[in-house]
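Contents: one structure, followed by commentary.
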Amino acid sequence: MSILTLKEDRPTPKAVYNWRVYLCAVTASWAACVIGYDSAFIGTTLALPSFTKEFNFEDYSASRLALLKQNIVSVYQAGAFFGSLSAYATSYYLGRRWSMVGFTLIFLLGAGIMLAANEARGLGPILGGRVLAGFGVGGLSNMTPIYISELAPPAIRGRLVGFYELGWQAGGLVGLQLTMAKLTPTQGVNTTMEPSMSQWMIPFGVQLIPGGLLLIGLGFIPESPRWLFSKGKNEKALKILCWMRNLDPNDTYILEEVSYIQHDLDRFRRDVGAGFWKPFGALKSRKTQKRFLLGGLLFVFQNGSGINAINYYSPTVFRSLGITGTNTGFLTTGIFGVVKTVLTFVWLFFLIDHMGRRWLLMIGSIGGSLCMWFVGGYIKIAKPEDAKEGASLSPGGIAAIFMFYRKWFMSYSILHGQPLLTGPVWTAFYTPSWNGTPWVLNSEMFDTNTRSLGQANAAANNWFWNFIIARFTVQMFNAWGYGVYFFFASMMILSVFFVWFFIPETKGIPLEAMDRLFTTKPTWRAHGRLMGELRVNEEAFRLNARGVNTVDEKAEAAEVEVESRRKDSRAAQV
């Protein structure tokens with residue numbers, strides 16, 4: 001079997017992998033473009049000469065200015081934290097699609113308020129607008145992965161949810177390139193426009209474009225069929241599911257998928273009950289508590305890799321390596337975005353649904369940790385921060401930068417006449433592993449009734465740790481110096497053991513079988529054992545359904561098979 005062979009839980013008609021499911025996933029992923037752009041443009045915009053002049057940054061002391069910039073960046077994460085939590089309520093009452101519509105409108109309101117800022121009004125509209133915009137993207141970060149995972153066939157679920165991560169990187173790349181300085185592959189407002197109010201207003205105004213496109217796109221995609229089934233709207237849910245799969249209602253694949261969904265809902269209602277507060281009751285269950293904890297810890301380790309310290313404070317990171325100059329800081333940040341976007345394509349189409357989630361996370365952690373140990377060791381020994389302005393990097397410094405970026409070396413080589421190797425080492429390890437995989441895992445590891453609550457927990461964890469990094473990175477570098485890199489390296493090593501012992505492989509597993517997956521021991525063998533059970537159950541289901549002709553008879557056969565499957569599962573757990 002080739003590494004590029006899709007891992008199917010059962011025989012799947014080719015019609016299932018059709019343009020409709022891809023269109024819905026790509027359309028919903030415009031939400032990630034909104035998030036990516038909004039996260040990326042702010043840091044470089046704050047450094048534009050026109051922005052600093054408009055708001056009189058020269059009047060601030062160094063400490064007050066640092067605090068102000070950190071607040072402008074971090075209020076966005078604070079808003080996103082609360083937005084992600086509120087999405088559980090909107091999802092329960094409004095559904096996945098209408099929740100995304102509501103949060104998009106809140107984002108657009110916040111983006112519009114930011115445009116009211118000027119020298120006379122001060123930074124209040126920007127701070128308030130970023131809170132609202134953050135609230136909107138927090139809700140979108142909860143709803144979008146859930147929506148995509150619920151419409152995706154199991155074999156390509158990682159790829160489709162991966163479009164969310166691709167949108168995030170694409171939006172971030174646009175945000176960075178729009179405000180680029182000299183030496184970059186593209187020319188942004190910093191080089192094509194004279195310092196003026198328009199120069200910094202354009203990046204703020206561009207936020208409205210992906211938000212508007214998302215709002216328009218949401219008018220053309222359907223509600224999640226799984227959410228509709230959970231609300232008893234079976235006829236509408238079946239119609240949308242058949243449209244999404246491009247199959248007839250009597251097709252065995254559709255009958256089996258519906259039986260999975262219905263019996264999973266029946267099990268939850270029997271064990272927990274139906275209602276807004278009932279999923280909170282499920283938290284009394286140790287297995288549910290465990291998954292909530294695992295979902296949150298995935299984002300603890302993601303942020304513990306150092307990614308957001310690099311995203312938000314690239315100039316600080318590079319100053320610690322002895323690199324100075326505003327343009328160089330812009331350049332390295334922009335190239336970082338290019339490299340991450342390219343590698344996200346590789347992760348999306350060739351890795352996530354073929355290698356699976358576990359191996360990607362562990363390989364990324366080991367490689368990324370080695371890079372961080374090297375960088376921290378270099379700073380401790382060479383003390384590059386003491387180098388004079390404009391001095392050339394030592395061979396060790398060149399190797400340290402090599403751990404992060406590729407094209408930076410090309411420019412540095414031209415400017416300083418030093419032959420350099422090329423290759424984005426740390427970025428190559430991080431991007432196909434911890435960049436998007438935690439979002440994929442959290443979108444698929446919960447059952448239908450706790451999925452939005454579980455994703456709210458995961459998204460809130462993401463934004464909380466984003467906030468901590470955005471708020472305290474500068475203080476960490478000031479207090480720890482090279483120790484910051486050793487901290488990130490240690491976190492990545494710990495994550496290897498965390499994944500090996502606690503995170504089962506989920507590729508190809510139906511959403512309704514996740515309960516069985518997470519209760520199968522040992523964790524590192526759970527995927528193989530469950531896939532074997534699913535194939536046996538699939539053969540029995542098709543044998544039972546082969547001799548009957550009507551939809552009702554087939555549904556009855558499905559119920560008999562699923563009940564048998566449930567008894568076998570209970571016996572195995574006992």
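Cβ coordinates come from backbone N, Cα and C, glycine included.
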Please find, within the list 129-148, 449-468, the residue stretch that TrEMBL describes as transmembrane segment.
-> 129-148
Report the listed stretch (68-88, 160-180, 292-310, 359-379, 479-503) having the maximum count of Cβ pairs within less than 8 Å of the transmembrane segment (100-117).
-> 68-88
Reported mean pLDDT - the domain 'Major facilitator superfamily (MFS) profile' (24-507) | 82
